[in-house]
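Visitor: One structure coming up, written as structure tokens, with questions to follow.
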Amino acid sequence: MASVRETGVNVSNDGITVVLGSQWGDEGKGKLVDILCDNVDVCARCQGGNNAGHTIVANGVTYDFHILPSGLVNPKCQNLIGSGVVVYLPAFFSELEKLEQKGLKCRDRIFISDRAHLVFDYHQRADALNEAELGKQSIGTTGKGIGPAYSTKATRSGIRVHHLYHWAEFEARYRKNVADLQKRYGAFEYDVEAELIRYKELAQRLKPFVIDAVAFMYEALQSKKRILVEGANALMLDLDFGTYPFVTSSNTTVGGVCTGLGVPPQRIANSIGVVKAYTTRVGAGPFPTEQLNEIGDHLQSVGREVGVTTGRKRRCGWLDLVVVKYSTMINGYTSLNLTKLDILDALDEIKVAVAYIINGKRIETFPADLDSLEEAEIVYETFPGWKVPTTGITHWDQMPENAKKYIEFIEKFVGVPITFIGVGPGRDEMLVKE
């Protein structure tokens, strides 16, 4: 694989490089982050929680990441969990220990913002009770308590990391939140006293990791450190711009980077959108190009489309460029990473959605009104397959002609160059398009 510095999208030392999902998540952001982390000083998470999930294969070892930044794979990289992240401490320590068991030395390279909000078991209980209450109208959350944690944040009853070190306030907030949830959902069994004892211990274990993240990021920028931010989830799961209400509870856009880390927008130098060569989605919600047929089955099985966090099979369908173009409008991508191209290798023909026809009108942007999508006619562009393996390709001139046409069409339609092309699961199976 060509080095990152040969791509034209270097990790700048005069600003922040951001990696964002352009679809419904699971695009393969972690692999690109892992590759780029070879040349960065800081890797940060800005939003979400341990509802995110991705797998990295490095030096023959497989690592699963949920709450921790994937820059931990690079022994020289400092890693930050920013103020916009919601943190479930048992999961934080469990994930840290699993990485250490695989040989990574992490403890002096991972930091948590003192302004980050905490996720508790009562949030997870509320998550499950809310989904059960919704029944068939449930949105299919990960059950990690992320939504309820962001809810208490929005109502100003949330508990932040710094509250752990002011115990009287922590305890008062904790007891009130449990009482409020029991009023809302009815009395449920919950051992508050045992949980308070547990969090007194966790507070002491966490203390070495806690920092002022705003000052950390400011100093990193002033020192011209190379900074990479990995977004969790994806644009179509954004609270404001995604397929609401079938979304996550944080801002997954480039704007979420600024609010989640406390950095000004003008310090973002590069925004890389990660695009899977087809489309997948976990859980309920609109999916215009979903294929409930042999094509969908092929993409699911060959692509091994099973969620890292939930273990659920992902719904699969054709690439939807209406979604990717809409995502580009919001995030202003400077380049794209097309992933899992190899999963299309065996197909006779490949379709790409380029527009929707709704109420007789052709549109090329994603509508806010989800009901209108149910009646939408999807306009496809059809391409002949290339029918040869792309795995093992290391240079653009080795790419099959039909695959080149597919890639070039995406670039032209979206208006953004594709710089990286994934042709296999390994970190070395990433073609750099000059």
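Placed from the backbone N, Cα and C atoms, the Cβ positions cover glycine too.
The following feature annotations were taken from Swiss-Prot:
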type     : residues                                                                                       : note
ACT_SITE : Asp26                                                                                          : active site, proton acceptor
ACT_SITE : His54                                                                                          : active site, proton donor
BINDING  : 25-31, 53-55, Arg314, 340-342, 422-424                                                         : GTP binding site
BINDING  : Asp26, Glu27, Gly28, Lys29, Asn51, Ala52, Gly53, His54, Thr142, Arg156, Asn233, Thr248, Arg312 : IMP binding site
BINDING  : Asp26, Gly53                                                                                   : Mg(2+) binding site
BINDING  : Val308, Thr309, Thr310, Gly311, Arg312, Lys313, Arg314                                         : substrate binding site
Visitor: In Å, rounded, how far does the Cα of Thr142 (IMP binding site) sit from the Cα of Leu341 (GTP binding site)?
Guide: 27
Visitor: Quick one: of Asn51, Thr142, which of the binding-site residues has the smallest count of other CB atoms within 10 A?
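Guide: Ranked by other Cβ atoms within 10 Å, the binding-site residues Asn51, Thr142 bottom out at Thr142.
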Visitor: With a 10 Å radius around each C-beta, find which of these binding-site residues (Gly25, Gly28, Gly53, Gly311) has the fewest other C-beta atoms nearby.
Guide: Gly311
Visitor: Could you tell me which three-state DSSP class Lys313 (substrate binding site) falls into?
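Guide: Reduced to three states, the DSSP call for Lys313 (substrate binding site) is strand.
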Visitor: Note down the number of other Cβ atoms within 10 Å of the Cβ of Lys31 (GTP binding site), including every protein chain shown.
Guide: 28
Visitor: Have a look at the binding-site residues Asn51, Asn233, Gly311 and say which one has the shortest Cα distance to Gly25 (GTP binding site).
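Guide: For Gly25 (GTP binding site), the closest Cα among Asn51, Asn233, Gly311 is found at Asn233.
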Visitor: Translate the DSSP assignment of Thr55 (GTP binding site) into the three-state scheme.
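Guide: The residue in question, Thr55 (GTP binding site), is strand (DSSP, three-state).
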Visitor: Would you work out the biggest C-alpha to C-alpha distance among Asp26, Glu27, Gly28, Lys29, Asn51, Ala52, Gly53, His54, Thr142, Arg156, Asn233, Thr248, Arg312, the residues that bind IMP according to the record, and give it in angstrom as a whole number?
Guide: 34
Visitor: Given the recorded positions Asp26, Gly53, Arg312, Lys313, Arg314, find the one whose Cα is closest in space to the Cα of Leu341 (GTP binding site).
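Guide: So, spelling it out, the nearest of the recorded positions is Asp26.
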Visitor: Looking only at C-alpha atoms, tell me how far Lys313 (substrate binding site) is from Asn51 (IMP binding site), rounded to the nearest Å.
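Guide: Computed Cα spacing between Lys313 (substrate binding site) and Asn51 (IMP binding site) is 15 Å.
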Visitor: Which residue, of the binding-site residues Thr55, Asn233, has its CB surrounded by the fewest other CB atoms within 10 A?
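Guide: Counting other Cβ atoms within 10 Å of each of the binding-site residues Thr55, Asn233 gives the minimum at Thr55.
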